[in-house]
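As C-alpha cells, the structure follows; a few thoughts come after it.
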C-alpha cells in the first residue's frame, strides 16, 4: 500500500503541477482508485502517503530543465574603409549598430586622410617659395655680374689704350698751368674754344683732399689746334696769367718730372667735348681717378687720364 500510494502521489504531482517546478500535490482521500475502497482505508493510505513524502522528498522534487545556451555567432569580417557597406534593411538591427560603432571607431583614420591633402598642399607651397627664392638669387647674381662687367650709362669707363694711342692723344693735347682753383672745365673750354674743337678738359685734383692742383690738360681734335693754342701762353684767365705748353707723354717704367710736378698718380676732373671730327678717349691710364665731364653733362667716375 505504501508503494502504491507513493506511485500515485508521484503521478499526481507530475500531472497536476502548476506553473512552478517542484510543486507538491497532496492526495485527497477517495480520489484515487485504490484509496477509494473505504474511508478508513483511504485515510490510512493518505497518512502513509504523507509520511512517504516527508521521508523521501528527493523522489518528489523535479529537477528544472536546463535552458539552452544561445549559440555565439562567428565574428564577421570588417569591410575595408573604402568598401561600400550593406544597404539599409539588409542586416539585422544588431548588425547595423555594430557597423555604426565600427564606423565611429574607424572615423579617426578618415580625418587623417582628409588632412593628408592639406599637408601635401602646404609642402607644395613651401617648395614653390623655395624655388622662387632661388630664382631671385640667380637674377640678383646676374644683375651684379652685369654691373661689374659693364659701366652704368652716363659714366665713362676706363678704356685701355696702347702706347701709340696715348702718344697720338698727347700730341693733340696741351698743358695749362697756374689755373685758378675755382676754375671749371667749361670756363677753360670757352677760353680755348677759338683755337679749335676741344674733345676733353681735365683739371687735376689732389687724391687725398680732392682740391684742384692748379693745372689742367686740354685735348683738341687735331694737332693744328695745339699749335694755335700756344698763342694763349701767358694770357689772363680769371685774373691769373696761365702757362700753355704742349703735353708730353709718360712712358711706363720711366719716372719723369714735368715742370716741377710729379706725374705719377693724381686725381682729375675731366670734361669731354665730342664733335663729328673728334675721337673720344676716356683716359690715358686704366685706373679711374677723377671726375669726368662728357660734353656739357657732368658725371662722376674715377680714373687717371695722364
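Our numbering is plain: 1 for the first residue shown, then up by one each step along the chain.
Just so it is clear, glycine is given a Cβ too, placed from its N, Cα and C backbone atoms.
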127, 227, 240, 265 - residue that Swiss-Prot labels as asymmetric dimethylarginine: 265
115-151, 152-188 - the one Swiss-Prot records as coiled coil: 115-151
Candidate annotated as asymmetric dimethylarginine in Swiss-Prot, where the set is 25, 294: 294
Annotation match for asymmetric dimethylarginine in Swiss-Prot, from 200, 263: 263
Confidence summary for the coiled coil (115-151), mean pLDDT rounded: 86
